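As recorded in TrEMBL, the features of this protein are as follows:
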type	residues	note
TRANSMEM	6-26	transmembrane segment
TRANSMEM	35-53	transmembrane segment
TRANSMEM	73-97	transmembrane segment
TRANSMEM	117-137	transmembrane segment
TRANSMEM	167-189	transmembrane segment
TRANSMEM	210-229	transmembrane segment
TRANSMEM	249-268	transmembrane segment
Amino acid sequence: MGVSVFMIVIEILIFLLYSFVLFIIIQSKAKLFKIAFYTIFVATGIADIASLFSGSSIRLTRELNLGEDSKDFALLCFMTTYTAFIAHLIGNVLITINRYSALCLINRYNVIWTRKYTWVAVIIQYVISFAVIAHVARAHIEYVHSADGTASVKGIQEKQIDMIVRYTYIVACIIYATTSLTLNVRLLVEWKRLSKFDGVLKNSHHDKGLVIYAVLVFIASMLVCLQQFVKAIAVLTDNTSLNLWVTTLYSWMNDFMVSIPPVSLIVLSTDFRQEVINFFRCARHQSSVSLFVTQPRSRRSIVDRF
């Protein structure tokens with residue numbers, strides 16, 4: 001099996017884009033980027049980047065036929081993938097609740113989403129994600145041996161542990177789908193209702209973009225949830241060919257899922273794009289100041305440019 005260079009390039013680009021978006025949010029001193037939405041976005045984004053790395057590593061171990069010598073690394077990647085996916089679902093449920101309360105519970109928003117409560121929610125997000133996957137640490141990796149003597153990663157060897165993971169995924173996906181779908185529908189209905197009143201949503205383009213963001217992320221996440229349902233069926237029926245196929249399909253779906261948040265934020269948030277512009281302007285200004293300090297003879301020509 002050859003290495004998919006195209007997918008590696010795509011994943012590197014997604015990693016760079018996502019990392020840049022997180023960097024802009026973290027380094028920003030603007031009060032806007034300290035609100036609950038962006039705190040949860042960063043926390044979930046870290047899980048998404050970890051998922052991107054672990055998913056790519058599992059795929060490469062298969063494509064390179066690294067064999068059983070990489071079993072410990074493969075197990076770590078599986079645990080990271082499982083944990084990151086649960087953290088992704090919980091994080092996006094929190095984001096959906098945040099957007100819902102911003103529009104439908106305006107009077108109580110500042111009480112619900114204090115800095116303290118937001119960080120408590122993030123901590124709970126990761127505690128739950130690690131706790132429900134911790135049992136995978138005692139598992140072993142199963143390999144499929146080819147006629148030429150090479151071995152390819154199949155998945156978790158212990159069917160009981162693997163099925164616990166699948167059931168956990170299914171329950172998490174059902175909770176995520178039910179909660180997010182209900183809130184997103186009510187959110188869109190409320191937005192449409194308030195849009196009929198002049199001035200109610202004045203200067204709320206930023207919030208509108210984040211509403212659309214929540215819907216797009218929900219759609220992308222549901223694709224991976226459907227993939228996990230098929231994976232559970234493959235494990236339950238011992239269908240090796242279906243298992244390998246749907247596992248390979250996961251790489252594409254996961255890459256698509258984790259690419260949606262940064263792309264959507266850049267496209268839909270005017271405030272974020274302005275922050276990016278401000279960042280580069282600041283960097284350019286600092287470069288000009290450095291030039292001014294290190295080259296005093298050119299002071300007049302530099303000042304004239306301003």
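A Cβ is built for glycine as well, from the same backbone N, Cα and C atoms used for every other residue.
Bear in mind that TrEMBL entries carry predicted annotations, made automatically and left uncurated.
Model, not experiment: these values are computed from the prediction.
For the transmembrane segment (167-189), the residues of the chain that approach it from at least six positions outside its boundaries are 82, 85-86, 89-90, 92-93, 96-97, 99-100, 103-104, 132-133, 211, 214-215, 218, 221-222, 225, 228-229, 231-232, judged by C-beta separation under 8 angstroms. With a cut-off of 8 Å between Cβ atoms, the residues of this chain six or more beyond the transmembrane segment (6-26) that come close are 33, 38, 41-42, 45-46, 48-49, 52-53, 56, 59-60, 251-252, 255, 258-259, 261-263, 265-266, 272, 275-276, 279. The stretch with the most CB contacts under 8 Å to the transmembrane segment (73-97), chosen from 35-53, 117-137, 210-229, is 35-53.
Same-chain residues lying 6+ beyond the ends of the transmembrane segment (35-53) with a Cβ under 8 Å from its Cβ atoms: 11, 14-15, 18-19, 21-22, 25-26, 80-81, 83-85, 87-88, 91-92, 94-95, 98-99, 102, 113, 115, 118-119, 121-122, 125-126, 129, 210, 254-255, 257-258, 261-262, 265. Tertiary proximity for the transmembrane segment (210-229) is limited to same-chain residues at least six positions away from its ends with a CB under 8 Å from its CB atoms, namely 37, 85, 88-89, 92, 95-96, 99, 102-103, 166, 169-170, 173, 176-177, 180-181, 184, 187-188, 191, 246, 249-250, 253-254, 256-257, 260-261, 264-265, 268-269.
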